[in-house]
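I have placed the structure first, in the form of structure tokens, so that the comments after it can refer back to it.
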């Protein structure tokens, strides 16, 4: 089933020329097809005895170093990943319970407020060695450093890190630095000048003034293989005052009888946003209308990113069970849309959009998946059930899995080691 289209009043675009398109609608009828028990779209169970890559920090969103076509790269034989990172506080009185024991669950839940961008390096594509922070304290203009994408620009080792500056506000930003390698390891240097690129505009994307719990983050830049221009996808919410959106015929889709009542679904207004750069330097950007909207379906379309394969545009995003609209449900995991052109139209993969979800018996085992062009999918471990109602907190890399993309469908294949993120190409610095 082809997802619907939602009309936007597109104002003239200075940088984008004559680009004209309507966003694809991920409809409620599409989402009703989500099947949490389909083995072809279910991630294998993660064992509760998983290893932890660090006893001193939590990690979650993982960002492999890559090029603008999506190729995951190593540099002089060293693989590099960036992660959202926060210190663990086993001895902090704030995180000790009444019996003096470390409350790791509360520490984990509080991590977002102290998120920092850190890096790791490896000769093997696993067995990651902690490198430290990318930006020194005080370089980023906000209190939180949230997810984005590190791009290797050339064989001189220059890197553009696109990321999200959060609190106060939320802005897409970038900072340029460089990678230096030796036989002993890797250093990321000179990430000292942050440039804010753009914020939500209230025309295409919801602002904080329109909705205090708005989403605007997770930049992922790429070169369109067809026109050679530099674009960026990101997470947003469809513009408009909270509660003012209409779940109309396009948003409903061809639902079966009895599913016309959407309750409070107008509050879920997620979308995958798009921007275009003036040139390949990525210094000046213009916001475009969303590529995919999820009004009445889901409020979060986090960490969108592309895989280009077989002449198709595979657009992936991640979302949660708890952000689905009333009357709908689906697992935490990867959702995807596929089309033949950057501007759509797109079709929800596997008819529903679900590509790789957590198993029902372990609904929170992994999150923040990143699909790489070689079909490998990385994620982090959130929490895995143990005995009774208890569970074990992760804050570490999950086992990597591979998915097979076949037209509009996807199939789970092999499972690999924890945090296995091999380079697809090695770049030798000049």
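Cβ atoms here come from the backbone N, Cα and C positions, even for glycine.
Feature list (source: Swiss-Prot):
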- 61: active site, nucleophile (ACT_SITE)
- 302: active site, proton donor/acceptor (ACT_SITE)
- 60, 61, 147, 217, 218: sucrose binding site (BINDING)
- 218: site 'Transition state stabilizer' (SITE)
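Features as recorded by Swiss-Prot, highlighted on the structure.
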residue : record                             : DSSP (3 states)
60      : sucrose binding site               : strand
147     : sucrose binding site               : strand
217     : sucrose binding site               : strand
302     : active site, proton donor/acceptor : strand
Under 8 Å by Cβ from residue 60 (sucrose binding site), counting only residues of that chain that are 6 or more apart: 83, 84, 111, 367, 368, 380, 382, 395
Cα distance (Å, whole number) from the residue listed as 'active site, proton donor/acceptor' to residue 218 (sucrose binding site): 7
For residue 147 (sucrose binding site): intrachain residues, at least 6 apart, with Cβ closer than 8 Å: 61, 63, 84, 163, 164, 217, 218, 303, 368
Neighbouring C-beta atoms (10 Å sphere around the C-beta of residue 61 (active site, nucleophile)): 23
Among 218, 302, the most crowded of the recorded positions [Cβ within 10 Å]: 218
Pairwise Cα distance maximum in Å, sucrose-binding residues per record: 60, 61, 147, 217, 218: 15
Near-site residues: sucrose, ref 60, 61, 147, 217, 218, CB cutoff 8 A to centroid: 84, 146, 148, 164, 302, 303, 368
